[in-house]
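Here is the structure we will look at.
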Amino acid sequence: MAEESKQKGADVATTDIYNVEAAEILANEAQHLPILEAAPIYEKLLSTFPTAAKYWKQYVEAYMNANNDEATKQIFSRCLLNCLHISLWLCYIHFIKKVNEKKGAEGLEETRKAFDFMLSYVGSDIASGPVWMDYITFLKSMLATTAQEESHRMTSVRKVYQKAIVTPTHHVEQLWKDYENFENSVSRALAKGLLSEYHPKFNSARAVYKERKKYMDEIDWNMLAVPPSGTCKEEQQCMAWKRLLAFEEGNPQRIDASSANRRVIFTFEQSLMYLYHYPDIWYDYATWHAKSGSVDSAVKVFQRALKALPDSELLKYAYAELEESQGAIQPAKKIYESLVANDASTMSLAHIQFIRFLRRTEGIEAARKYFLDAQKSPTCTYHLFVAYAMVAFCLDKDSKVAHSVFEAGLKRFMHEPRYILEYADFLCRLNDDRNVRALFERALSSLPPENSVEVWKRFSQFEQTYGDLASMLKVEQRKKEALSRMAEDGSSELESTLYDVVSRYSFMDLWPCSSKDLDHLARQEVLLWLAKNINKKVDKSSLTNGANIVEKGSFGLITNSKVGPPSTKLVYPDISQMVIYDPRQAQGLEIPAVLSSTTTSSVALVGSGNTTAVEEILKVVSPALVAFIAHLPAIEGPSPDVDMVLSILLQSTAPTGQLGKPTTQQIPAGPAPSTSDLSGSSRTRLNPNGSSRLPREGHSGKRKDLDRKEDDESITVQSRPLPRDVFRLRQLRRSRGVSSSQTGSVVSGGSAFSGEQSVSAD
């Protein structure tokens, strides 16, 4: 069984090196193997998880158990500074004690140095209390043969205590009690002054510990460092670390800057044990160093980051930016050269940024020379030509060079609509309307119709700005003729609509009509398209050919023109079954009388369909739901009146899911009350028999007749739990700020439920 699990872990680790489950299987198996067999497994695990303190600890303990001190020292030298975890460092100090226990005074001094070294790195950890206590115990155990040595020993113990009691750790209160006992045992007179001096500092450390613990409790200390995959747990852990970092950067204990910076550095280093593959953490760490005035430390962090994430372009650009900002041009240039040497997918961007860098640091000629070499590359894209032309035009103020670059690129990228548009924008900046028209004509003569949509659109906008009315109308007509060839029914595409006028005479966010008219036109455009396409299968090509691009109008959108989407790479939903909802249109379809004898009303459906289809749907619906649908009134807006829905639900005889013996109800059959019968704003009143009635003041004669009928017949409705949906509807009404006291009670079968009777739910 063990062999099978080991093989399973090895197989999974081969296919996915960051598989945590496989790593745990291998680590567990390695613990039961001799060190010579386990070492390759640990090396493989730690090459993938170089900051996994638990794996380093298992690895080093295996060598310690084998009494291989030299190998143990080598492993500690590889992991200690990158894994600031208390458990690993405690293992280190135990090893140091073991090695030096038989060396006498020299060994004690080596152990003391090891304690100082350890506390300088992990002494600010919230779990470092045992380390401080262990160090104090070690100092107290040192022999002192003379009074001078005794005094020196007491001074050393006091200094360690005073550092420990101002460090927010789990054992800070215990350390304070031990410190009080220590000072009182040495000198009560001296203790009074020292304790009064350090008590406020201890209180501050204790308060900060309580706050820090809240942040630390959110962190999973057993998590392995894997590349981010976007899971909920990963995001939560990342945010937990960032909150802790923000807390430490705020210096909550108000200690000196040097000590506060050490705590921030320690927290960043700990976070990288778990967020080793997160470029934003590396960047934040380096930026914090740079803002703190330690540029050299920031450079070292970037170097470590690129070693951890060698493929991160973002970190390379950030590193080059830091070097350039400090005047280190050659190091920054080397970074850009490494970017240029990267794969072809990002080469154009690297070329562009390198040209800009050379223009800033070495001048025009260096940038021009590099561009001439880079544009010869077979993987060069049109972006490089656009970028260099803009550098020449905007920075060098040389429009002739920019024009030449665009013309040179046009020979290679005439098939790229985006390049055409960029070139047109450049010519518009020069007010060269003649060449702009020539460019559009050349491009539209060679571009296929499906790629010319945006070019036609820009041509039309250009004529609206630079042309006269005749040229503007001519381009509009040519555009329609060209794009109508893509549609199955191209004749209708040639028709002019009022929306074309809106398109021509709008400017930015200014429209030549009211928002109401704008909504109407947009709605008509969409309905017109649906009328042509609703009864046929609409695939991606027909969407591209016949659909309108919606920009502003109904519900905030309006169709811009009868053209396809700007890019065929976009994935569009299948809207062949979409029906536009309009509550103001005529009620076109009625459901025939349903099975219940008491159901006499009908349901009006908005949209297309037929009576047979509706009847087929009703056959598979429960009678209770059919009765509920049949009682729904025709509405004048997007949502029905809540009280009306409640009243229909309360009249329904559908089972409520009540446990226990069912109860009978005497609810007379009758038509559902109208909306006007259910409205009201006064409070309900309870009759002596328990039923509620509506107030008579301020209501119509119909409401008064209903109240008199309640009084005369004294109808009592037995209380029962409401259906779950009714309960939710009541919650919805409350969330809208409408209570039962504001809307009146809900009438059901001639009587009204009081709030107490109708609020329960199963």
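Numbers run from 1 along the shown chain.
Cβ coordinates are placed from backbone N, Cα and C, and glycine is handled just like the others.
Per TrEMBL, the feature domain 'Suppressor of forked' maps to 11-518.
For 279-312, the entry in TrEMBL reads repeat 'TPR'. Among residues of the same chain six or more beyond the repeat 'TPR' (279-312), those with a C-beta under 8 A of the stretch's C-beta atoms are 238, 241, 245, 249, 261, 264, 268, 271-272, 318-319, 322-323, 326.
Here TrEMBL flags 656-762 as region 'Disordered'.
Sequence annotations record features per position, and here TrEMBL assigns compositional bias 'Low complexity' to 737-755.
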TODO: Would you mind splitting the repeat 'TPR' (279-312) into helix, strand and coil residue counts from DSSP?
DONE: 27 helix, 0 strand, 7 coil
- [ ] Over the domain 'Suppressor of forked' (11-518), work out the mean pLDDT and round it to an integer.
- [x] 91
